[in-house]
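Trainee: My structure is below; once you've seen it, I'll send some questions.
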Amino acid sequence: MDNSLVVNKEKNNYEKPSLIFMITSPISEFERMKIISPIWFPLMYLSVIQAIIGILSVYARHSNPELVKIQKEVFADMEIPLVSQMMLGGFASIFIALITPFIWGIILKIVMMLMSKDVSYKKLVSITIFASVISILGKLINTLLTLFIGGEIVTYTSLGSIFEPGTLLYIICSKFEVFSIWELIIIGMGLNIVAGLSKKQMNIFIAVFFFIPIIFSIIKY
């Protein structure tokens, strides 16, 4: 029998990875991803969720009198209706959601080449799409907290929220964000299971990609 037919039959009989279970059982989902690495349907689902979060974020900003005042000062000659702002926020979120996994896929492909790992670009993009469930969950929680609590829009799930914005401590501690760290660990697990990174290589990857944003933020400050 043709090998391609055998592979296709195996894929059809194999359970596809689940976005929801990436939160509770990522290991089993990455094991499935070795056989099936879906991209487009999961990406569409997550893009819709991102659009909803983007719309809610715009509404949350509009609910803050201080931010509304600043916006009026910046756009003094142009008044943009709230509905239009929400639509723009939704479309911008969709655009970002669609391109981010492919950019991350390129970065991961370069990293895998440096580590002499032969893994397809498609699998790497799929890993980033499924791992992004974590960061999207974090964005949703922070947006809802902003809507219910009010005040300035901050990332409640980071250590930066306990420091004054603009300070060096705020900039550094804002990188210690629960869902961002969680997502990075999930990506590392995916590279370990799907791409074949060793545990040591996985830990190095997580550490490097965690500290790079911190270093750049300090330099920029």
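Cβ atoms are placed via backbone N, Cα and C, with glycine included.
Sharing the features that TrEMBL gives for it:
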{"type": "DOMAIN", "residues": "22-218", "note": "domain 'Yip1'"}
{"type": "TRANSMEM", "residues": "39-60", "note": "transmembrane segment"}
{"type": "TRANSMEM", "residues": "88-112", "note": "transmembrane segment"}
{"type": "TRANSMEM", "residues": "124-149", "note": "transmembrane segment"}
{"type": "TRANSMEM", "residues": "169-195", "note": "transmembrane segment"}
{"type": "TRANSMEM", "residues": "202-219", "note": "transmembrane segment"}
Trainee: Under 8 angstroms for C-beta pairs, at least 3 of them, ignoring pairs fewer than 6 apart in sequence. Is the transmembrane segment (124-149) in contact with the transmembrane segment (202-219) by that rule?
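Mentor: Answer no: the transmembrane segment (124-149) and the transmembrane segment (202-219) share fewer than 3 Cβ pairs below 8 Å.
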Trainee: If you average pLDDT over the domain 'Yip1' (22-218), what do you get?
Mentor: 89
